[in-house]
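Since the structure comes first, as structure tokens, the remarks are kept for the end.
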Amino acid sequence: MSERSYYDILGVSKSANDEEIKSAYRKLAIKYHPDKNKGNKESEEKFKEATEAYEILRDPKKRQAYDQFGKAGVSGGAGGFGQGAYTDFSDIFGDFGDIFGDFFGGGRSSGFGGGRRSGPQRGSDLRYNLEVSLEDAALGREYKIEIPRLESCVDCNGSGASKGSSPATCPDCGGSGQIRRTQGFFSVATTCPTCRGKGTIISNPCRSCGGQGLQEKRRTINIKIPPGVETGSRLKVSGEGEAGPNGGPHGDLYVVTHIKKHELFERQGNDLILVRKISLAQAILGAEIEVPTIDGKKAKMKIPEGTESGQVFRLKGHGMPYLGAYGKGDQHVIVKIEIPKKITRRQRELIEEFARESGENIPGSKGKIFTK
């Protein structure tokens, strides 16, 4: 597949609106349609290129993900345009009836068959946004989540027909779900109006699901969050999506993590940033202090004499773990010298003496130092 951007493939700008994208795709689809260019592999590839680009750019969520992350951001949702994708184009063109209707005589149609397949179909994938604390992202944790999803009706086993009956083959389309006809260069298939593309008709529908074969249920799932996840990490749970029509298999569930803001730590990649206050005496004389770490423990850190406010110290290996790999990032500690707002008389005298020893001239200092 071409490495060109989807915008370049369709010949539109990144700011193109829906109508411009649709119009550009319409022209390319008609020009490179395989039924019009039989045996031409180059046209076939260009047709698939254009279809892949349109499939992403016509969907606001997919387009946003593509604009932000490129093809990597939509690699799981582009419909799979690799080897063997040509035979599955009926799935894609089932959604493109509005484009081809003008050229193929109305209805949801395409040279690849248009309407829905009559046999079992794979269910839709689901997405679940999960908020995760920074501690859980560092250590890993098992979450219990509840999702609404379509499941096969238990009363009819997904057939849509009531007990004691079964779906019958549609007499008009012979079970294909499509009515075919030829127009010029194009072999056009429109959705069968009798069975609405299913290939079967149900004379006695199941009362529980209304003949759909699917019911919405709520399912509780345990999700293991591995150490090192970050905002935008996507965890795939196979077979936990929605059940497919006509007894088809379940799709997949994608859990997308969103890391909550922490009151102490700021995350930068796999490193953690912590601001730690120290006293004036500790900054001048040096000290050994304890700082919190993301695992809930304390780490000892040496403050050398003469430390300045804003100085950064590194605690190696105390950051976030690398997802799916060994090792951790570092924890960077920014020290801030805390100046007392109130001091005792004795402390004032000592500071004034310190100032004189340092050769500092502080006019009118008596009674005014550190008073606010």
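Glycine too: its Cβ is placed from the backbone N, Cα and C atoms.
Features reported for this protein in Swiss-Prot:
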- 5-70: domain 'J' (DOMAIN)
- 140-218: zinc finger (ZN_FING)
- 153-160: repeat 'CXXCXGXG motif' (REPEAT)
- CYS153, CYS156, CYS206, CYS209: Zn(2+) 1 binding site (BINDING)
- 170-177: repeat 'CXXCXGXG motif' (REPEAT)
- 192-199: repeat 'CXXCXGXG motif' (REPEAT)
- 206-213: repeat 'CXXCXGXG motif' (REPEAT)
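A map of Swiss-Prot features onto the structure.
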| residue | record | CB count, 10 Å |
| --- | --- | --- |
| CYS153 | Zn(2+) 1 binding site | 22 |
| CYS156 | Zn(2+) 1 binding site | 26 |
| CYS206 | Zn(2+) 1 binding site | 22 |
| CYS209 | Zn(2+) 1 binding site | 22 |
Request  = Could you find out if DSSP has CYS153 (Zn(2+) 1 binding site) as helix, strand or coil?
outcome  = coil
Ask   = Counting Cβ pairs under 8 Å that sit 6 or more residues apart, are there three or more between the repeat 'CXXCXGXG motif' (153-160) and the repeat 'CXXCXGXG motif' (206-213)?
value = yes
Task = Across the whole of the domain 'J' (5-70), what does the mean pLDDT come to? Round it, please.
result = 86
Inquiry  = Let's see if you can do this one: DSSP helix, strand and coil counts over the repeat 'CXXCXGXG motif' (170-177), in that order.
reply    = 0 helix, 0 strand, 8 coil
Key: the domain 'J' (5-70), counted residue by residue under DSSP: helix, strand, coil   = 48 helix, 0 strand, 18 coil
Task = Excluding CYS153, CYS156, CYS206, CYS209, please set out which residues of the same chain place their CB within 8 Å of the center of the CB atoms of the Zn(2+) 1 site, keeping sequence order.
result = VAL154, ASP155, ASN157, GLY158, SER159, GLY160, ALA161, SER162, PRO205, ARG207, SER208, GLY210, GLY211, GLN212, GLY213, LEU214, GLN215
Message = Which secondary structure state does DSSP assign to CYS206 (Zn(2+) 1 binding site), in the simple three-class scheme?
response = coil
Message = Please count the residues of the repeat 'CXXCXGXG motif' (192-199) that DSSP assigns to helix (H, G, I), strand (E, B) and coil.
response = 0 helix, 0 strand, 8 coil
